[in-house]
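Trainee: Below: one structure in structure tokens.
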């Protein structure tokens, strides 16, 4: 018997990228399960979670993928990005080196992901105001220069987590609605079926994921 979470109009794959320790896993768990784990260790391999939201009267199911940021996981790059229509590029506002590495992550994203992918720059751990190492204005200017949307979040106290995911999913939905992307060869992810209007009956799960 299908659960309520299986009923949706669109399925969007969104990836979380950025250095290890910036809070990607906690952003994922805060948005999908409203949980935060102070003791969370670096993610090993890949995991994903889902959550459905309403965008302009349509049910959009987000399939959010998370992986560790360490170099040794580069081998999974192409599979990780395949079919992704959105990316949250995350850095830690209290660790400038994680912001410096945004450039490298952005290059990797543009090398491996679809050219039309929607990208949001996310300054996480905004609750660490007293330790801030990356000025908001600096990151905002960088985002504008690279045509990224931008937001600061705190997975710990929930600030802007909902807004970050809702904003990027809405932006993806509008791209679909405006025919910038679609479900055929012109679509994000090279027609992998990641963006799909749901038929009347629940689609097979395999249709929704990486082929």
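Here, residue 1 is simply the first one shown, and the rest follow in order.
Positions of Cβ are set from backbone N, Cα and C atoms, glycine also.
Feature list, courtesy of Swiss-Prot:
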- 18-26, 66-70, 124-127, 154-156: GTP binding site (BINDING)
- 40-48: motif 'Effector region' (MOTIF)
- 187-211: region 'Disordered' (REGION)
- 208: S-geranylgeranyl cysteine (LIPID)
- 209: S-geranylgeranyl cysteine (LIPID)
Trainee: Is it possible to get the count of other C-beta atoms within 10 angstroms of the C-beta of residue 21 (GTP binding site)?
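Mentor: Taking every protein chain into account, the count is 17.
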Trainee: For the motif 'Effector region' (40-48), what's the model's average pLDDT?
Mentor: 66
Trainee: Which of these binding-site residues has the least crowded Cβ, counting other Cβ atoms within 10 Å: 24, 125?
Mentor: 125
Trainee: Going by DSSP, is residue 66 (GTP binding site) sitting in a helix, a strand, or coil?
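Mentor: In the DSSP reduction, residue 66 (GTP binding site) maps to strand.
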Trainee: Which number gives the other C-beta atoms within 10 angstroms of the C-beta of residue 66 (GTP binding site), all protein chains shown included?
Mentor: 23
Trainee: What are the sequence-distant neighbours of residue 154 (GTP binding site), meaning same chain, six or more residues apart, C-beta distance under 8 angstroms?
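Mentor: Listed in sequence order: 124, 125, 126, 127, 160, 161.
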Trainee: Using DSSP, would you call residue 125 (GTP binding site) helix, strand or coil?
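Mentor: Reduced to three states, the DSSP call for residue 125 (GTP binding site) is coil.
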